[in-house]
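Step one of this worksheet: look at the structure below.
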Amino acid sequence: MSEAGSIAAGARPRSRSRAVLASLRRNAGFGLALVLTVVLLLLAIAGPSLWHLGPLDMDFGAPLAAPSFAHPMGTDSNGRDVFARFLAGARISLAVGAAVVVTGLIVGGGIGIAAGIGGRVLDTVLMRIVDALAAFPPLILAMAITVGLGVGLTTAAFGIMLSCVPFFARLMRADILRIRALPFIEASVAVGVGRWRIVGRHLLPHTAPTMLVQCASVFGYAILTLAGLGFIGLGAQIPEPEWGAMITDGLQYALTGQWWLALFPGFGVLAAVVAANLLADHAQAVLGVRGRER
């Protein structure tokens, strides 16, 4: 390889790196979202395994200890390490958020596809069911399901999953109907291409940008709702290390100077929701998606 070629090859990666950095500088919100997402994922996945204390381990000799080298986020009233509980709470919140998104895509997306291609009768039946669920505000529906099935983390997660199904069903149906009216779909139907082949090769790929934005938006909503249910006593119960329940448990000590009990889990909720919404906004702008259901 010539000297000029070697220089050009070496300069190419640096040029790409500079381009990426320049892009992040132009869109500080996306850069912040990326950093927050990576940090939260690392904490949730690797943190509980690497930290030497468990979320339920108690040190009766150090109740309500302020943040220190031994306990970076302090301890609670029973001597439990708040950092260990924060890490476990991150894992719970991100896992529930992911479960809600996957359920929404499979159940809600499946309903939307069936309604969009199944004909007028099936469309009417399915969308009336979706409308019945959507008649309630999502948080109220999640609360009602949780109360009916019994308070706890599992029932709270189920309630959030069910409350998010209409988001995906309506958006998927609207996208399917819009794409079905495009000339190339009508041409495929005219030449005898099968319905499910059209769905797999044309409809689903064209709905991917809209669904990607919706997934990021619903992910943040799920984490916030889970924390809200835990905060009002309908979700996870102490001593479960869930951020909303930790905030409730810590508020009673806020006025007596133990600020760290509620502050750190509250920051976790804020960081996760801000990251999800910034990612959704950036994806919406880049992919040209017109709107999303929340």
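A Cβ is built for glycine as well, from the same backbone N, Cα and C atoms used for every other residue.
Sequence annotations record features per position, and here TrEMBL assigns transmembrane segment to 28-51 (among others).
Annotation source TrEMBL lists domain 'ABC transmembrane type-1' at 90-280.
Per TrEMBL, the feature transmembrane segment maps to 92-118 (among others). Taking Cβ pairs closer than 8 Å, the transmembrane segment (92-118) reaches residues 40-41, 44, 126-127, 129-130, 153, 157, 160-161, 164-177, 180, 195, 199, 203-204, 211, 214-215, 218-220, 222-223, 226-227, 236, 240-243, 268-269, 272, 276 in its own chain, all 6 or more past its ends.
Here TrEMBL flags 125-145 (among others) as transmembrane segment.
Within its own chain, the transmembrane segment (151-169) is flanked in space by residues 92, 96, 99-100, 103-105, 107-109, 111-112, 115, 126-127, 130-131, 133-134, 136, 138-139, 141-145, 211, 214, 218, 221-222, 225-226, 229-230, 233-237, 240, 242, 293-294, which lie at least six positions past its ends and keep a Cβ under 8 Å from the stretch. Residues or ranges marked as transmembrane segment by TrEMBL: 151-169 (among others).
Annotation source TrEMBL lists transmembrane segment at 218-238 (among others).
Residues or ranges marked as transmembrane segment in TrEMBL: 259-280 (among others). Beyond the ends of the transmembrane segment (259-280), by six or more residues, the same chain brings 29-30, 32-34, 36-37, 39-40, 64, 66-67, 73-74, 76, 82-83, 85-86, 89-90, 93-94, 97, 213-214, 216-217, 219-221, 223-224, 227, 243-244, 246-247, 249-251, 253, 292 to within a C-beta distance below 8 angstroms of the stretch.
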